Amino acid sequence: RLIMFVGDPSSSNELDRFSVCPFSNDTVKMIFLTRENRKHDFYTLDTMNRHNEFKKSIIKRPVVFITHGFTSSATEKNFVAMSEALMHTGDFLIIMVDWRMAACTDEYPGLKYMFYKAAVGNTRLVGNFIAMIAKKLVEQYKVPMTNIRLVGHSLGAHISGFAGKRVQELKLGKFSEIIGLDPAGPSFKKNDCSERICETDAHYVQILHTSSNLGTERTLGTVDFYINNGSNQPGCRYIIGETCSHTRAVKYFTECIRRECCLIGVPQSKNPQPVSKCTRNECVCVGLNAKKYPKRGSFYVPVEAEAPYCNNNGKII
């Protein structure tokens with residue numbers, strides 16, 4: 001079957017006319033993980049109350065939302081590895097957001113790249129969905145906003161940003177932190193703060209840049225880490241280099257969760273200091289503890305080609 005589109009599929013009128021990628025709450029599925037329950041069962045907004053965690057009157061665990069990017073899913077191995085690393089590190093409630101139906105990559109896998117603009121058009125709606133779940137956590141389960149952190153890759157980074165904007169509109173306050181893993185560049189590079197992930201979307205917004213084409217070189221957060229100058233990651237071959245570099249952001253962050261050594265961010269300048277001379281007042285470790293370091297701004301991060309990727313044994317003096 002041949003599907004042909006005439007006009008701009010990013011236009012809301014065109015999307016409505018063709019129903020390319022219709023959004024509803026049922027197009028977003030969730031996996032809830034804790035140390036006690038690691039089953040990758042899918043839940044919807046209507047069925048989430050069946051999970052043991054939501055049979056409680058109060059949820060005391062810190063909450064981490066993980067949102068995948070275009071053409072991916074919550075069960076993709078890199079996100080499963082991230083969730084496992086988080087559960088090993090702390091007693092979290094992890095909410096893995098699966099929005100592949102809203103990106104049309106589930107129904108039309110062979111044509112998935114045709115639907116990028118349609119997926120972009122649904123990012124704010126998926127963000128609003130996450131905000132709705134956050135509202136439920138705060139109001140029904142007494143989870144403080146300071147206990148909620150969002151992690152998103154590529155389009156998932158912008159989805160997380162839109163969720164951060166929406167909870168503020170709902171007068172819930174700000175999320176503790178949003179971590180954008182190589183936020184998608186196409187359709188977002190020139191957008192102002194209201195139309196992309198932005199430093200005002202949470203109390204602390206951490207951005208990892210790993211691909212200059214699929215991602216963006218633009219500063220977006222409280223801290224922006226330009227890993228290997230933000231492009232051409234070591235160990236990524238030329239032919240699939242951009243996709244590999246784009247995905248490396250997820251792998252880097254997972255290693256930062258999993259291991260004691262950190263990826264060290266050195267303040268960007270014409271003559272950046274070597275990581276061997278980094279101090280806690282000048283440099284920042286990428287990862288869950290980044291906001292404990294006082295420095296803000298843009299940082300250069302040297303990495304190795306293989307895991308655990310850290311340079312200088314990941315030590316700050």
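Glycine is treated like the rest: Cβ placed from N, Cα and C.
Pulled from Swiss-Prot, these are the features on record:
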ACT_SITE  Ser154  active site, nucleophile
ACT_SITE  Asp182  active site, charge relay system
ACT_SITE  His246  active site, charge relay system
DISULFID  Cys21-Cys104  disulfide bond
DISULFID  Cys193-Cys198  disulfide bond
DISULFID  Cys236-Cys244  disulfide bond
DISULFID  Cys261-Cys285  disulfide bond
DISULFID  Cys262-Cys310  disulfide bond
DISULFID  Cys278-Cys283  disulfide bond
CARBOHYD  Asn25  N-linked glycosylation site
CARBOHYD  Asn229  N-linked glycosylation site
SIGNAL    1-7  signal peptide
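Around the Cβ of Ser154 (active site, nucleophile), 28 further Cβ atoms fall within 10 Å across all displayed protein chains. Measuring Cα to Cα from Asp182 (active site, charge relay system), the recorded positions that fall within 10 Å are Ser154, His246, out of Ser154, His246, Cys278, Cys283. Classification of Cys244 (disulfide bond) by DSSP places it within a helix. In three-state terms derived from DSSP, Ser154 (active site, nucleophile) belongs to neither a helical nor a strand segment and is classed as coil. If you count neighbouring Cβ atoms within 10 Å for each of the disulfide-bonded residues Cys244, Cys261, Cys278, Cys310, the highest count belongs to Cys310. For the residue listed as 'active site, nucleophile', the nearest of the recorded positions by C-alpha distance turns out to be His246; the candidates were Cys21, Cys244, His246, Cys262, Cys285.
Comparing Cα positions, Cys310 (disulfide bond) lies closest to Cys261 out of the disulfide-bonded residues Cys236, Cys244, Cys261, Cys278, Cys283. Note on proximity: of the disulfide-bonded residues Cys261, Cys262, Cys278, the one nearest Cys21 (disulfide bond) is Cys262, by Cα distance. Taken residue by residue with DSSP, Asn25 (N-linked glycosylation site) is part of a helix. Most buried of the disulfide-bonded residues Cys262, Cys283, judged by other Cβ atoms within 10 Å, is Cys262. Each of the disulfide-bonded residues Cys193, Cys236 was scored by other CB atoms within 10 A of its CB, and the lowest score goes to Cys193. When the Cα atoms are compared, Asn229 (N-linked glycosylation site) and His246 (active site, charge relay system) turn out to be 13 Å apart. Neighbour count (other Cβ atoms within 10 Å of the Cβ, all protein chains): 23 for Cys285 (disulfide bond). Geometry remark: Cys236 (disulfide bond) versus Cys262 (disulfide bond), CA distance 21 Å.
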